[in-house]
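Notes follow the structure.
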């Protein structure tokens, strides 16, 4: 494997890994805040649940793009 | 713990606006690409966009399912959220690999469609959040 291919694989891995890291931090904070809110006011759980899912869609939209780009680099450019 | 939620406190589950924005943007993009670059590119854009649409559709479906429950078990909601995250990740990886690897669609164009779909979803959700608050 030459140097260019090695760097491309590292780039793809970094894209996926850093995207996953960002998403996991975001979803971890989101889940923690949801539990905090649910413990504080259990009667608001239905409303919090909806917001929780919507914000999750926002949090992992950008890492999903990173996954798509990483797959392109890994399978189309390097592969 | 199970509680009955009064009708007026039920959460607004209408996330259709975000899905409609996404679908509309993808349709327009596919038509434009078809007119400018031809059928193969339009197929690739539409496939990438459909992956993004399936991704957000799965989230909306799970969200609707969670809202139908009347219990207030936060732990179960959290479990459902993490499971949905994994399902969505697997769905995106599977369908992108299918499109690029098996169907041999043009990868940059397919990724462009996917990115466009995700951006349209972001815009749609932001609009919806703006309407909620």
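Please read every residue number as a count from 1 along the shown chain.
Cβ atoms are placed via backbone N, Cα and C, with glycine included.
Here TrEMBL flags B:17-37 (among others) as transmembrane segment. Long-range neighbours of the transmembrane segment (B:17-37) within the same chain, counting only residues 6 or more positions beyond its ends whose Cβ lies under 8 Å from a Cβ of the stretch, are 45-46, 49-50, 52-53, 56-57, 60, 109, 113, 116-117, 120-121, 123-125, 127-128, 131.
The transmembrane segment annotation in TrEMBL covers B:43-61 (among others).
Away from its own ends, the transmembrane segment (B:85-103) comes close to residues 44, 47-48, 50-51, 54-55, 58-59, 62, 110-111, 114 of its chain (Cβ-Cβ under 8 Å, at least six residues beyond either end). The transmembrane segment feature in TrEMBL is assigned to B:85-103 (among others).
Sequence annotations record features per position, and here TrEMBL assigns transmembrane segment to B:109-130 (among others).
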Close approaches to the transmembrane segment (B:43-61) from elsewhere in its chain (Cβ under 8 angstroms; 6 or more beyond its ends):
15-16, 18-19, 22-23, 26, 29-30, 33, 84, 87-88, 91-92, 95-96, 99, 103, 105-106, 109-118, 120-121
